[in-house]
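Structure record follows, encoded as structure tokens.
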Amino acid sequence: MANSSSDTSRKNVIELNDNKAGMTGIDKARISQIIEEASRGSKFYQRQQAKRQADAKRAEETRRKIDALSREALQAGERAGDAEIRRAVSAADFSRTHVHIDMDAFYAAVEMLDNPRLRHVPMAVGGNDMLSTSNYAARRFGVRAAMPGFIAKKLCPQLVIVPCRFRRYKEVSRQVQAVLADYDPQFSAASLDEAYLDITDHLANRQAINLLPGPKATSVAELRYRVFISSSLTASAGIGPNPMVAKIGSDFNKPNGQYRVAGSSDRVLEFIRQLPVRKVPGIGRVTEAWLNSLGVSTCRDLYEQRGALYHACRPLTYQFYMRACLGLSGGFGYGRNGPDRKSVSVERTFQATDSLTWLLDEKLPELCESLVRHLTKSGFLGRTVTIKLKLDTFEVLTRSHGLPSATDSVQAIQSAAAALLRQEFLPGRPAPRIRLLGVRVSSLTPRKAVIAADCSSGVGSAGPKQARLDELLVRSTKTIAETSTKTNTTAAVCSSSSNETVSKSSTPVTSSTSENASKFNLVESTSVETKTSASSASESALSCPICSASQPGGLAGLNRHLDFCLSRSAIQTAVNDYSNDGSACFTPGSNSASSRKRIEAASSSGRPAGGSASGGGKRARIAADGRTGVGTI
């Protein structure tokens with residue numbers, strides 16, 4: 001098998017990665033030599049040298065293993081590859097239209113937007129230790145993301161480096177994502193500047209109402225134009241029958257362009273087979289070098305060498321290669337908030353430090369709060385906490401700890417991460433100098449599934465399940481209170497307007513008005529005269545905002561009934577209803593006759609209808625508003 005490594009890669013320990021938009025045609029050999037000379041002797045250089053030697057050893061071991069294979073073994077590997085390809089093709093769907101949106105040099109573009117003086121000079125975002133991105137003018141000098149700032153200055157002495165402003169980048173990202181949601185409300189954001197969309201339904205809806213019908217590419221051009229109008233920034237796009245092809249395509253006409261691959265197996269295969277393997281999302285520098293050592297440099301080679309790769313790879317990796325050589329992505333691009341998501345993580349690079357106090361008091365809380373925001377937004381709870389440390393020697397360490405139960409609590413996650421971090425600073429050994437800290441939560445479970453499982457296991461049990469029920473009870477009570485408060489505000493406005501009319505005509509409130517109010521769980525009497533009397537309201541029959549049943553005995557009777565409606569048995573019923581019919585809401589007033597029978601059955605189980613006078617904070621009180629007669633919780 002031929003080794004396709006270049007002379008530069010054999011000579012230099014550190015080589016420029018020019019697989020980036022805006023770096024086509026640069027003198028890679030000269031730039032790589034400058035990087036090599038600027039890095040030699042540094043800890044980064046020493047780490048890369050050790051990794052290069054380890055990678056070369058691994059590649060040599062793989063080559064010896066493959067060279068020892070018999071012809072029959074290679075043919076068996078080819079048959080396994082053919083079977084995997086048949087399965088992938090049979091499951092492929094070329095009818096969908098996927099789009100990958102990639103903002104052009106996003107961080108740098110935001111900085112140039114806010115400071116126009118940076119538009120015509122080479123500039124980058126980051127610091128002397130590491131750059132986050134660079135503008136296209138800087139890329140012509142070989143300056144790119146993930147490059148130390150001091151090396152970038154060697155390549156481009158006039159380079160302007162500005163610090164990151166993540167709050168500003170998030171603000172602009174929200175503007176962009178608001179536009180994307182019009183085309184696919186379920187789009188998947190891979191980062192602040194990158195997103196995957198499936199616009200198939202959007203295109204069908206446009207066609208159905210004859211709204212600017214036209215080619216798919218026209219709709220994407222419209223999307224990109226709207227992004228520019230909203231943010232004053234440009235975006236590039238790739239269009240294809242699956243997310244992987246769309247992502248590869250988005251890099252073809254950067255900046256401010258788009259590329260479409262038609263939705264047919266022949267066109268996708270024609271597009272993918274000549275591409276270098278490095279273009280495939282998921283194949284990085286190390287994997288590329290390993291594949292090159294096996295004679296694999298293009299996606300066509302992945303197929304040609306399928307027999308050897310079968311014996312050299314793990315099953316899941318082999319499956320990935322067989323799909324990649326066909327341009328098929330499986331679930332690529334949409335696992336961010338899907339059920340198959342494995343973890344949620346955040347990390348930050350900073351100037352190397354050995355201060356445990358700073359890490360615990362400043363950086364770790366910031367990371368954990370950001371992590372929990374992502375965790376909550378994605379709807380997951382996690383059970384395993386992992387910290388990632390990159391030392392000033394560029395060695396990467398990971399430490400993990402399992403929690404007793406899945407959680408999205410900042411306190412629980414931060415406490416576990418802090419304990420792991422302290423273990424690295426034990427007395428009696430040198431304190432590590434850390435330049436990157438990351439926190440990851442894995443072993444994910446959907447939050448709704450955890451709540452439903454806890455509640456269905458029994459409302460009377462103690463421990464974590466009881467705590468989860470208490471949490472659900474508090475959330476339900478809070479939701480009801482918020483709903484009632486909003487309703488009362490609306491009712492007060494409407495009542496004020498209605499009173500003006502009543503003063504002129506003295507027309508009583510009709511029964512239809514009461515019916516409409518009851519739909520929103522407003523507690524109303526049947527006449528204006530009754531509304532002005534708080535005492536008569538307290539003695540009339542009032543509607544329960546939970547089950548809509550009319551309760552005699554005025555406020556006292558309704559309060560006694562509410563103790564029951566907000567009991568754990570009622571919450572249990574709501575969760576069971578959710579599990580049975582998939583409804584995500586427990587809507588006040590939506591109980592059917594059968595639901596009321598279940599509540600009555602729960603009442604007969606021995607719990608007093610009135611409950612305890614103290615209520616432990618779980619009792620909702622109804623107070624009569626003398627002006628409107630509308631009940632408030």
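Every residue, even glycine, has its Cβ placed from backbone N, Cα and C.
Where the annotation comes from TrEMBL, it is an automatic prediction and has not been curated.
Here the region 'Disordered' (41-62) has, by DSSP, the following mix of helix, strand and coil residues: 20 helix, 0 strand, 2 coil. As annotated by TrEMBL, region 'Disordered' applies to 41-62 (among others).
Distant neighbours of the compositional bias 'Basic and acidic residues' (52-62): 13, 286, 289-290, 293-294, 312; these residues of the same chain sit at least 6 beyond its ends, with a Cβ under 8 Å from one of its Cβ atoms. The compositional bias 'Basic and acidic residues' annotation in TrEMBL covers 52-62.
Within the model, the domain 'UmuC' (98-284) carries an average pLDDT of 92. The domain 'UmuC' feature in TrEMBL is assigned to 98-284.
Here TrEMBL flags 489-516 (among others) as region 'Disordered'.
According to TrEMBL, the feature compositional bias 'Low complexity' maps to 495-514.
Annotated region 'Disordered' per TrEMBL: 587-633 (among others), in sequence order.
Sequence annotations record features per position, and here TrEMBL assigns compositional bias 'Gly residues' to 608-617.
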